[in-house]
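Listed features, source Swiss-Prot:
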type	residues	note
SIGNAL	1-20	signal peptide
TOPO_DOM	21-267	topological domain 'Extracellular'
DOMAIN	28-130	domain 'Gnk2-homologous 1'
CARBOHYD	N39	N-linked glycosylation site
CARBOHYD	N43	N-linked glycosylation site
CARBOHYD	N59	N-linked glycosylation site
CARBOHYD	N68	N-linked glycosylation site
CARBOHYD	N89	N-linked glycosylation site
CARBOHYD	N99	N-linked glycosylation site
CARBOHYD	N107	N-linked glycosylation site
DOMAIN	135-246	domain 'Gnk2-homologous 2'
CARBOHYD	N208	N-linked glycosylation site
CARBOHYD	N245	N-linked glycosylation site
TRANSMEM	268-286	transmembrane segment
Amino acid sequence: METTKKLFALLCLFVTMNQAISVSDPDDMETFCMKSSRNTTSNTTYNKNLNTLLSTLSNQSSFANYYNLTTGLASDTVHGMFLCTGDVNRTTCNACVKNATIEIAKNCTNHREAIIYNVDCMVRYSDKFFLTTLETNPSYWWSSNDLIPKSFGKFGQRLSDKMGEVIVRSSLLSSSFTPYYLMDTTRFDNLYDLESIVQCTPDLDPRNCTTCLKLALQELTECCGNQVWAFIYTPNCMVSFDTYNSSLPPLPPPSRSGSFSHRGNNKLLGGMVLAVSVSVFAFLSLV
């Protein structure tokens, strides 16, 4: 009987923790609804323009991995964009943007500015013109809970050096089919490869793209430089790295099963998954 009670409590613990770390389910999306002195209501012209804009973004994601537009006039003007990562196909891009537009509309009701991140895409809208302007907040990162093996030596420095090279090369790709997107794979150990990916929104000039990527890389290496993989999004760029054993079959893309955190408001989620794991282990030891 006592064991049954403990198992029931454990089940409740799992449910509670799952709710605690859930962020904009169902698609692992993180939404930022910006505070504003001029919030809106559901029946305003601005909101109608916003709904039109989000619908257009969703539709256009079937044809491109980046799109921006402006709709409305004067104080009812809405600016918006989406960006899909350069390694996803049209079907994945469309699915991500479609879900993101639904989530951002649901989570940021009556907000005049918002942004939503997912590992495959981001969607943004605002009543202020933001294209061509470099912004670094809010940022959001995911990372593995697994640490780099000690046998890798000074991995953090090697990671910074390699990512720095990739950033310089990506700044030369402003006119490519997928502007500023670059993926590089380098053997850095007898068995392990380092995969580096960077990308900027195409509206940035090369100088601002480089600045955005360098700042994102700095934040990523500070938080996650010893992790097996990590990924960061900012409003204008993304940086990711992954290490894997090239002699083994490829693993599926990283999901948000590791730690995650963001910068730009008062919320902080980093390390929660690790805390969950420790708590569950401690509880199991009592059963």
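Glycine too: its Cβ is placed from the backbone N, Cα and C atoms.
Using Cα positions, the member of the glycosylation sites N59, N68, N107, N208, N245 nearest to N89 (N-linked glycosylation site) is identified as N59. N59 (N-linked glycosylation site) and N107 (N-linked glycosylation site) have their C-alpha atoms 20 Å apart, to the nearest angstrom. N43 (N-linked glycosylation site) falls within neither a helix nor a strand when secondary structure is assigned with DSSP, and so counts as coil. N99 (N-linked glycosylation site) sits 29 Å from N208 (N-linked glycosylation site), counting Cα to Cα. Comparing N208 (N-linked glycosylation site) with N68 (N-linked glycosylation site), their Cα atoms are 18 Å apart once rounded. Within 10 Å of its Cβ, the residue among the glycosylation sites N43, N68, N89, N99 with the fewest other Cβ atoms is N43. Summarised by DSSP class, the composition of the domain 'Gnk2-homologous 2' (135-246) is 38 helix, 36 strand, 38 coil. Averaged across the domain 'Gnk2-homologous 2' (135-246), pLDDT in this predicted model comes to 90. Between the alpha carbons (Cα) of N43 (N-linked glycosylation site) and N68 (N-linked glycosylation site) lies a span of roughly 24 Å. Fewest Cβ neighbours within 10 Å among the glycosylation sites N107, N208: that distinction goes to N107. Cβ-based neighbour count (10 Å, all protein chains) for N59 (N-linked glycosylation site) stands at 14.
Taken residue by residue, the domain 'Gnk2-homologous 1' (28-130) breaks down under DSSP into 37 helix, 28 strand, 38 coil.
Long-range C-beta contacts of N245 (N-linked glycosylation site), restricted to its own chain and to partners at least six residues apart, with a cutoff below 8 Å, comprise L191, Y192.
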